[in-house]
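Inspection log for the structure reproduced underneath, given as structure tokens.
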Amino acid sequence: MGLCRVFVLFLFLILTIVSLSFTVSATDSSENEEEWREYVVTLDTHNFTQFVSQHDFMVVEFYAAWCGACQELAPEWEKAAKILSQNEPPIVLAKVDANDQQNKQLANKHGLKGFPTIKILKDGGNVIADYKGPREANAIVSYVIQQTGPPSIEITSSQDASALIVDDGFAIMGVFEEFSGEEYEKFIVLAERLRSGINFGHTKDTKHLPIVGDSSSSPNNIEGPFVRLYKPFDELFEDFQNFDVDVLEKLIDVSSTPLVTYYDHMERYYLRKFLGTRNAKAMLYVDYTSDDYDAFKSTYYDVAKQFKGKGVSFLMGDVEASQKVLESIDLNVDQVPILIIETKSFVGIKYIKPKVSPEHILSFVKDFKDGKLQPYRKSAPIPEVNDGPIKIVVHDNLQDMLFNSGKNVLLEFTASWSEKSKKFGPILEDIAHSFQDDDIMIATFDTEKNDYPTETFKIIHFPTLYFATPSGTLLSYDGDKTKEAIIDFIQKNRDGAHLNDSSTKEEL
């Protein structure tokens, strides 16, 4: 009987352990399922419109699988999506593979300029704004939740106002007698338009506005409603009373960029903004350790101030940090201090003042604006001997070789890094041998060593071929890159083609 009891007890223990094992296993399975659940919604061209139309507010990332920045963002985006799914009401984060061919049209519709691009979609997709926030999970959550609130908050104390000026030092505050009327309504429209990149607030009492710098920032001498932009550079604040939304947006954009951008890895945001501007770009490179550095910095700032809003943006860089930039345009440190102005219209059009002094900066910029300067063009040396089957053309002899040689000229635009150019080299060599002792010239132009007139030649890939005749015709070649196809093109388009259809010295 004792043995029986022991056996029953042993059996009970075994069953209990097994039961607990199943319970733990089930719990682990549930937890694993929760852990591996994907909270970011995957959208594509088939479900995008319908899904977005069902949400008053959501955020969508357009990504490409090969993009390193997208890969870094992915786990943070997923963490943020999990947290936001528990918000009340829940907020959806989604993603679209913009590199997938089926989603190309969807990506183009949203004006992607790079990866990742993140868009805030409101009112079922009727309102779209750029996401300009952080890329870390908790910061993403805070930023997104802030975007769901009112576009501008009421300021009732100086503490409210100071809280709007976050780490980047920017904020926009409007002062109104009443929170109604045309000016106030336009301010709210502006706030809705720009809120993804800057905090907005409004108040009836100017005493709540932060005093920055010195007492000159006191708004007591301003009559009527106005808008104040706070910023972490230059004057530290700027006031506006033009309430045309488009005009005000442009004024704020200009004023939220430093008068002088510095070529510094710590200033990447402003550097990207400088490089992306449509303005002409003035770039001053000096030795930051030189005795006249302070004079250059002060003078350059004053010149930038004079040309604010006049279509010229200004950058200053230390020659040591900027050496590769100078080398890329065939300049060297021996020419420093050097002032370069690059136009907004055509790639490669630059105006250069080497060995510039502080007192000559203003006159050089003025002469540029008045159209008095001759552009600088990078050119390799003209070859002393140029008798090979393929002629070498450089910038400084482009006009003579292409249009004044008296020959029909096939000109190849190439780049040393282009694999297609390397593969095309032997084909061009064969074509050149086919036309030896003829009035056909085969030539090549290295775009890495030479600038070219981009208003004349449209080059979007390598190699690019153009054909010029003595009579002045200039044609681009868009056919197959084969010996037969190109020779046929030359024969059909050369001067006098109707008189002689068999000028080649080699049977095809």
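Residue positions begin at 1 at the first shown residue.
Quick reminder: no glycine exception, Cβ is built from N, Cα and C everywhere.
Database features (TrEMBL):
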- 13-149: domain 'Thioredoxin' (DOMAIN)
- 368-495: domain 'Thioredoxin' (DOMAIN)
- 1-26: signal peptide (SIGNAL)
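DSSP places the residues of the domain 'Thioredoxin' (13-149) in helix, strand and coil in these numbers: 71 helix, 26 strand, 40 coil. Residue counts for the domain 'Thioredoxin' (368-495) under DSSP, helix first, then strand, then coil, are 38 helix, 28 strand, 62 coil.
For the domain 'Thioredoxin' (13-149), the mean pLDDT of the prediction comes to 83.
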